[in-house]
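The structure under discussion appears below in the form of structure tokens.
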Amino acid sequence: MSYASHIIHHSKKLRNAPNLLRQEQALLVRFFSHDAQPSIDIRKAHRHSYVPSERARVCRSFSSTTKSLSGTFTRDVSTTMKLGNSISGSKSNKQLSCMQVQLRRGFSSDAALPPHQELGMPSLSPTMSEGNIARWLKKEGDKVSPGEVLCEVETDKATVEMESMEDGYLAKIVRGDGTQGIKVGEVIAITVEDEEDIAKFKDYTPSASGASAAPATASPEPTPPKKEVVVEPVTSPEPKPSAAAPSGDRIFASPLARKLAEEHKVPLSSIKGTGPDGSIVKADVEEYLASLGKEAPKAKGGAPAALALDYTDIPHSQIRKITASRLLLSKQTIPHYYLTVDTCVDRLMDLRGQLNALQEASGGKRLSVNDLVIKAAALALQKVPQCNSSWTDDHIRQFHNVNINVAVQTENGLFVPVVRDANKKGLSSIAEEVRQLAQKARENSLKPEDYEGGTFTVTNLGGPFGIKQFCAIINPPQSGILAVGSAEKRVVPSSGPEQYKFASFMSVTLSCDHRVIDGAIGAEWLKAFKGYIENPESMLL
């Protein structure tokens with residue numbers, strides 16, 4: 001009945017409903033809400049706030065909590081749409097379905113504050129919950145166009161450029177250069193459409209999130225006053241003197257207890273023993289001294305007082321925090337096991353030398369051992385697809401793409417850019433792509449598409465650092481990571497006339513998620529990988 005009474009009350013204005021439906025469904029919803037003021041003409045509000053060319057932006061910026069030109073009101077969209085549907089049908093639902101966009105159109109009860117747009121911290125990766133502002137590339141007052149870079153945002157993976165979505169002017173930078181710990185969705189800047197509106201946002205501060213989220217129609221019931229409970233202070237009981245032994249009886253005490261009592265001039269008759277047959281031990285004397293407020297002497301030759309340490313506190317970077325949390329999650333939730341194998345790399349090194357000679361003759365870049373390892377790992381994953389999978393609560397997801405993440409250590413932290421479809425690419429393509437991704441990682445300019453979507457990871461501490469063998473932590477949600485050690489010469493039996501010969505061997509360790517990869521499957525993958533390394537010509541077929 002309440003909606004019917006409102007319709008009858010606004011019957012005169014219903015004559016213009018067909019025209020309004022074709023212009024602004026969002027304003028029509030406000031027109032029929034409980035909080036709309038009958039004295040305000042919706043046509044005037046339309047002229048003051050939007051023009052028909054803004055129709056697309058209205059549906060994006062309209063939200064369930066909106067500030068109108070006449071004041072702030074809050075309305076449940078689902079309830080309001082019941083009335084809107086009876087008038088405009090499914091068209092209103094389609095236009096209001098885009099309300100999830102981060103950009104919001106703001107209205108203020110202050111007539112001096114024009115319509116504006118609040119830019120929130122975007123979510124630039126699936127695991128991002130907060131970000132940092134590295135630097136602003138636009139200044140307050142600058143004109144911005146769609147596609148222009150506004151600022152650089154440091155995410156949990158890399159530093160990403162944030163672009164403008166609309167034409168306008170940057171009126172206010174709420175979060176300046178170097179601001180850290182900004183939650184996703186938190187306002188970082190304000191844009192306006194008209195240049196003359198910039199000065200009106202000089203002292204602007206965004207409203208607290210959720211301040212107007214509560215429905216205006218329902219007022220919370222007053223909570224009953226809490227009864228004050230007077231708590232009496234608890235006083236510690238004074239130590240009661242221990243029951244003294246009878247004067248005529250002999251007092252039994254250990255030599256150490258006697259010595260400690262004599263040093264503190266404490267009569268043994270005042271101490272109650274807890275040792276065998278009521279004898280007094282060292283702990284009884286120390287407890288009695290503690291009850292009197294005296295401190296038992298420290299053992300001779302005890303450790304000296306701790307010396308003051310000189311140190312520097314280094315703040316956590318965003319990449320360091322997310323690396324720590326993900327690796328901790330991996331070790332706590334993924335049942336790791338490790339398989340190690342030694343591979344002979346003599347033929348691999350010979351093939352690499354031949355290919356590098358061809359590359360130099362044609363002006364190409366040299367191939368590294370890691371490029372050949374990436375190719376061998378990708379082909380082994382293609383041969384044993386069970387290792388190219390990840391665990392979910394309902395099923396094991398086996399990937400058809402072989403995307404290899406490559407660990408790259410930089411001054412800013414550890415990055416893992418991805419080489420997509422490595423099983424289908426040639427060695428020179430893999431080498432060039434890894435080189436470009438590593439350079440972008442060192443420059444902290446990786447984009448989300450450069451590191452997302454990997455299915456397996458390769459990390460190499462052998463070539464750069466000479467580490468013989470190590471075990472790596474799985475990069476979730478993947479189920480395997482290959483740790484590559486250094487190559488070293490060994491003396492091995494010879495099948496020729498000589499009894500022994502020298503050969504170069506490289507140790508590799510596969511870390512597996514036992515939920516996804518059984519031991520036999522992991523061993524089968526290592527066997528395939530070793531086959532490609534020891535017979536590298538097969539990778540070229």
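The backbone N, Cα and C atoms fix where each Cβ goes, and this holds for glycine too.
Looking at 74-117, 206-249, the range tied to region 'Disordered' in TrEMBL is 206-249.
Secondary structure counts, DSSP: the domain 'Peripheral subunit-binding (PSBD)' (252-289) has 23 helix, 2 strand, 13 coil. Within the model, the domain 'Peripheral subunit-binding (PSBD)' (252-289) carries an average pLDDT of 86.
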